[in-house]
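The ATP binding site annotation in TrEMBL covers K19, S178, D179, T218, G219, G220, M221, I222, T223, K224. Positions annotated as substrate binding site by TrEMBL: S59, D146, N158. As annotated by TrEMBL, domain 'PUA' applies to 281-364.
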Amino acid sequence: MTQVTPRDRVRTASRLVVKVGSSSLTTPNGVIDVDRVDALVDVLAARRRTGTQIVLVSSGAIAAGLGPLGLAARPRDLATQQAAASVGQGVLVARYTSSFARYGLRVGQVLLTADDMMRRSHHRNAQRTLTRLLELGIVPVVNENDTVATDEIRFGDNDRLAALVAHLTHADALVLLSDVDALYSGDPRKPESRRLAEIRGSDDLVGVELGRSGAVGTGGMITKVQAARIATGAGVPVVLTGAAHAAQALAGADIGTYFHPGGRHPGTRLLWLAHATTGRGRLHLDDGAVDAVVTRRKSLLPAGVTAVEGEFAAGDPVDLCAPVGAVVARGLVNFDAGEIPELLGRSTRELASALGPEYERELIHRDDIVILESHH
Ligand SMILES: Nc1ncnc2c1ncn2[C@@H]1O[C@H](COP(=O)(O)OP(=O)(O)O)[C@@H](O)[C@H]1O
Ligand SMILES: N[C@@H](CCC(=O)OP(=O)(O)O)C(=O)O
């Protein structure tokens, strides 16, 4: 009898998100490595044939645009990166389209921004589209919408985006494929570094050296571990391994690193906010407001705010600080920074009668607040 292992959750998953990094898809001179794309698609198509729904989160737009644009290395400036992504994304999706067509499968391109993951209305939109594509038997090929993303709002790496997509689509598992075959205790090129086969929680990561990436990738191990935290925090197990081991990883073999899922906790739409962004400004709360927001999970009203710092626009993430100054929560604010001073300390009813009914809304809706980990 075969033993049941945690990795059976990957082997038996009926919905999988698979993320593949730039370094696994392109050659160092900035063109798509057709053989490696085909090898990956062979594995995904085989799994698709067993009925598993697959969302492919694929990086590589910028890397695949370098060759066509005659660029020797990944450009530093955002505009040229965006130009490269614009050229490369088309090439990449064309390649996936023909590679999946060998198996009679179709792909659908989905380009997402951080906003699409954060804001309620956009979030539902993305969710609806992805779910419909899967129902139609299509393989969604997801990437960040690099051409419109600015430095501030950009993910920059697809690891965290993939974790959010896994949560959004209620995937059973997330598979992160890279050019390294596992998470190691230190730089994998050093002989003393050991493969970490399983991570059960943050304690297992104490002392692990998370380094930067190679030539074409962006996040290195830091963003992969962050992605694993986001996904496991939403109850989704994660396997991290090399793209060359994709078949074994999907079959639940003891390869790479398996991150055990935690219990699902509410508010995971905002995991991005907690893990992957910083506040664009700060709101200082009085004790009553801290209690309302953190303990009673209420919306933040202007009456409990004593001061505002920073330049931000309605919809931006801001940090919520306790009177002693510690950041206790983060939320998506409903007003521009410049509008807030005249609202401070005033009740919503008072504001509505003085300024008009549109000022009766909360400063931050409770669904748009995430309590930072140390304050749970
Ligand atoms: N502790 C570690 N364990 C494994 N790999 C690590 C570690 N620290 C840094 N790395 C580096 O992270 C790289 C993978 O990240 P990245 O280049 O961003 O990949 P991708 O393009 O697949 O997203 C590996 O090539 C490896 O050299
Ligand atoms: N959206 C970008 C992803 C950037 C990137 O290099 O990501 P990754 O290889 O996953 O670290 C692209 O397609 O080029």
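Any Cβ shown, glycine's included, is placed from N, Cα and C.
All TrEMBL annotations are machine predictions without curation.
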Recorded substrate site residues S59, D146, N158, farthest C-alpha pair in Å:
11
Through the lens of DSSP with three states only, how would you label D179 (ATP binding site)?
coil
Binding-site residues near S59 (substrate binding site): from D179, M221, T223, Cα within 10 Å gives none
Residues near N158 (substrate binding site) in space but at least six apart in sequence (CB under 8 A):
K19, G21, V57, S58, S59, V142, N143, E144
Only counting partners 6 or more residues apart, tell me which same-chain residues put their Cβ under 8 Å from the Cβ of D146 (substrate binding site).
A61, I62, Q81, Q82, A85, S86, Q89, R154
So which of S59, D146, N158, D179, listed as binding-site residues, have a Cβ under 6 Å from an atom of ligand 2?
S59, D146, N158
Cβ neighbour count (within 10 Å, all chains shown) around M221 (ATP binding site)
23
Please list the binding-site residues from K19, D146, N158 whose Cβ falls under 6 Å of any atom in ligand 1.
none
